[in-house]
Amino acid sequence: ACTGIENIDEAITLLEQNNWDLVAAINGVIPQENGILQSEYGVETLHGPAYGPTSHSTAASSAPSSSSAFRHVVPSRQIVERQPRMLDFRVEYRDRNVDVVLEDSSTVGDIKHILENELQIPASKMLLKGWKTGDVDDSTVLKSLHLPKNNSLYVLTPDLPPPSSSHSGALQESLNQNFMLIVTHREVQREYNLNFSGSSTIQEVKRNVYDLTSIPVRHQLWEGWPPSATDDSMTLAVSGLTFPCHRLTVGRRSSPVQTREQSEEQCTDVHMVSDSDGDDFEDATEFGVDDGEMFGVASSALRKSPMMPENAENEGDALLQFTAEFSSRYGDCHPVYFIGSLEAAFQEAFYGKARDRKLLAIYLHHDESVLTNVFCSQMLCAESIVSYLSQNFITWAWDMTKEANRARFLTMCTRHFGSVVAQTIRTQKTDQFPLFLIIMGKRSSNEVLNVIQGNTTVDELMMRLMAAMEIFSAQQQEDIKDEDEREARENVKREQDEAYRISLEADRAKREAQEREMAEQFRLEQIRKEQEEEREAIRLSLEQSLPPEPKEESTESVSKLRIRTPSGEFFERRFLASSKLQVVFDFVASKGYPWEEYKLLGTFPRRDVTQLDPNKSLLEVKLYPQETLFLEAKE
């Protein structure tokens, strides 16, 4: 499992050479893909590019992530007087933050190169914004920008389509993409253009290259993998490969247990290394070349109308052809096959409301099996089977006749159901097809309830479908109960939240009304104070402008006026008879009774003095030698 060695004689030889120490034997065979060397200064120097990401996204990531990248500096043999100045950059792109640390001698293009590996976005599509000094180009040296130690930038990609609503949607899109790997065989200087889906693993690429180059996986020496491709089980979608094309180089490394003669023999016949490379050979078509093409036989000659096109880019289009070809062969009375990817079938069957969920039935067709025609015409097209499947199942189909399609399904099977189920299907012989897989979705995984082979009857098939439905119904009832309880709790919580929100709104409205009332009272009080201050100022001004009161013994004619206020108080004053009536008005106003608000009335005869001409003298208006007046507020 660790080394890929399946020849037991070779394995025993390795163990004997290492005194039956299993760990030592494995370490002696497995090549160190990313070797670690010790420099003179005891610093570990990684083989690879000058910089790379320090953390990598995996296929299990579902939430927005924050990763970082650094530029690796290899220690020099010479003593450097001045340590390079390091700059920290926090780069924001949509829902991600990437931390980049670079020397100030680096360029803006170096930052884009790191972001290209980390964000999987071509550098030519990036617009790096946020520079304090304005826009810069890729050749600009960071030192020339005089940047602080900590900087914040952001990436714009106007030429790229917006991301999907969730990270899982973006990852799924990457898994469905096809990568073109241009692999150069170093020893023979030959290039191979290989197509792989994003869901393929690095291990699958290496196994397929083995069939092209005759270099076993354990003896392959690669160049060109991204720094993030640290695990052979990693899918191409998350390995950091350049999309849509990526260049790789492969060569042969010598096995530690080979003699010189063995090495020479291996150059002429690689199958002498292992007698049991059947599994590697079975998956050889994952890179897009089937058995017929490898041995010079055109596979299209075997059947004019295949059930499914080979190497179809879109699973939905492949299933459309499958359905049409199935109808033309066996009639229109057949199960309704789901048109779409296997992931979409999962969504339709397992991820709706508990009451609406169904079992997933996967039909695996094989044209070269002697049981196929009987199974399709008599079992799958039976009205009872068709009716039962349409009511209780989502039915998805795949054609396993072509090796490329077979390898593609095994890859999907490994990803969704695990290696055990994939190995079970891989070991099925051609005459055991067609297969009918019954899948039930669970909370954390998908469970294969049953694998039905082609040598069955209608009654047995129906019984096994019904048995699967009994298991599913019991699980569905539990899921419905849990879902109802969860919805009840969520409804209570929503009602409580709504009541709390309404209470907050009422409290806020009450508080705002009180604040408005207090503000209005304060405003009116300010206006009142300002009016009082203004009136007091006017009163003082009038009081100061009054002429001095004449004395009783004055030789001039003096008029003595007695004025009664609305409150019943009296005040008296002497005025010169020659004084104007306006002086009396000013005197009354200086006491707080402005003539704009009060009337000054005479007694006998009753008259409104304020209606008289204020420029006439007291003598002229007959307020001499004395008179009693009273004040009355105007209406």
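Cβ coordinates are placed from backbone N, Cα and C, and glycine is handled just like the others.
Since we're looking at a predicted model, the values are computed, not measured.
The compositional bias 'Low complexity' annotation in TrEMBL covers 53-69. Look at TrEMBL and you will find 486-496 tagged as compositional bias 'Basic and acidic residues'. The feature domain 'UBX' is assigned by TrEMBL to 554-631. Positions annotated as region 'Disordered' by TrEMBL: 48-69, 476-496, 540-560.
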Average pLDDT across the domain 'UBX' (554-631), rounded to a whole number: 89
Tally of residues which DSSP labels helix, strand or coil - the region 'Disordered' (476-496): 21 helix, 0 strand, 0 coil
Number of helical, extended and coil residues in the region 'Disordered' (540-560), per DSSP: 6 helix, 3 strand, 12 coil
